[in-house]
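*Asks:* Have a look at this one.
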Amino acid sequence: MQRVNLSTVSEFVLVGLSDAPEVHFLLFVLFLIIYLATVAGNITILIAMSTDTRLHNPMYFFLGNLSLLDILCPTITVLKMLETLLLENKVISFTGCVLQLFFLIDVVGTEIFLLAVMAYDRYIAIRHPLQYMNIVSLKLCARLAVGTWVAGFFNSLLHSSLIFTLSFCDSNEVDQYYCDIPPVLALSCLPTYSRELVVLVVAGVLGSAAFVVTLISYIYILVAILYMRSSESRHKAFSTCGSHLTVVCLFYGTTICTYVRPSSTYSPHQDRVVSMLYGILTPLLNPIIYSLRNKEVKCALRRLISHVRTLLTR
């Protein structure tokens, strides 16, 4: 088999979702609607939080960061998929593939760290409600948010550099609708064990640390809620934390299935379904989960809609 060095690779070919041209337009319309709904829902959450002073607190500051990530994640992958479905252009340049994978891992890593920070924030709010605003100050919020983005950036830089310094064989066909770690690694004609091990160790250590913080925070939260005397307080705490816990379960479940395993077990068809769950459906569901289960967000959205209606009727 002829070997092609990395320096000579100029483009990759994305397999896409389906080989049947007759369903491409239907898929295009479906995913365009989902993408527009995702962007609209998360932008609405961002606008509501930025314009309503009642939501100017640490919890909603972190939720705003989550909404921004939920806009970026599908934008990185879905726009190219829509182009592939509509124009039948499956080719992505080498640089485009590098950037797509880099920004995707950056966003996914940042969200993992952010969910841990949000769990810690809820722990402080429930265990120390009177000291909450003093402990979780504006300066601490800014530092934690910046820290999650910086950690996600360097995590992605490590993963991307390990993958795109490989050499690739004859095939440059990425068996996925976007450039991702498992299908790109599968194209290498060199042994990838050592790089996979580094990827798994780094992802395992960082991901496990974030997961442990999240898990311990929720154990303490659950204990604190059970000791609350007021049923109204318990209901409010469960409602707020239940939204975040639902998002955590959705995100961790799908990302673990995608990344925490060797490339030898890579299954293209199965992975396309799983990647859609965390890359397309989860960003769509997050604003719905938070708005439906959070009274303050629902009130803020009603005020925003009322304000928009007033402006339109003038």
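Just so you know, glycine gets a Cβ as well, placed from its N, Cα and C.
Just lifted these from TrEMBL, have a look:
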DOMAIN    41-290  domain 'G-protein coupled receptors family 1 profile'
TRANSMEM  25-48  transmembrane segment
TRANSMEM  60-79  transmembrane segment
TRANSMEM  91-120  transmembrane segment
TRANSMEM  140-158  transmembrane segment
TRANSMEM  197-225  transmembrane segment
TRANSMEM  237-261  transmembrane segment
TRANSMEM  273-292  transmembrane segment
*Asks:* Look over the recorded stretches 60-79, 140-158, 197-225, 273-292 and say which has the most C-beta pairs under 8 A to the transmembrane segment (25-48).
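*Replies:* It is 60-79 that shares the most Cβ pairs under 8 Å with the transmembrane segment (25-48).
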*Asks:* Can you tell me which recorded stretch out of 60-79, 140-158, 197-225, 273-292 has the most Cβ pairs within less than 8 Å of the transmembrane segment (91-120)?
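*Replies:* The listed stretch sharing the most Cβ pairs with the transmembrane segment (91-120) is 140-158.
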*Asks:* For the transmembrane segment (273-292), could you work out the same-chain residues 6 or more beyond its ends whose Cβ comes under 8 Å from its Cβ atoms?
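*Replies:* Result: 31, 34-35, 37-38, 41-42, 44-45, 63, 66-67, 69-71, 73-74, 77-78, 104, 108, 176, 178, 180, 243, 246-247, 250-251, 254-255, 257-258, 298, 301.
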*Asks:* Let me spell it out: take the transmembrane segment (197-225), skip the flanking residues so only those 6+ beyond its ends count, and list any with a Cβ under 8 Å from a Cβ in it.
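*Replies:* Residues 109, 112-113, 115-116, 119-120, 122-123, 126-127, 151, 155, 158-159, 162, 181, 234, 237-238, 241, 245, 248, 252, 256, 259-260, 262.
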*Asks:* Please work out the mean pLDDT for the residues of the domain 'G-protein coupled receptors family 1 profile' (41-290).
*Replies:* 83
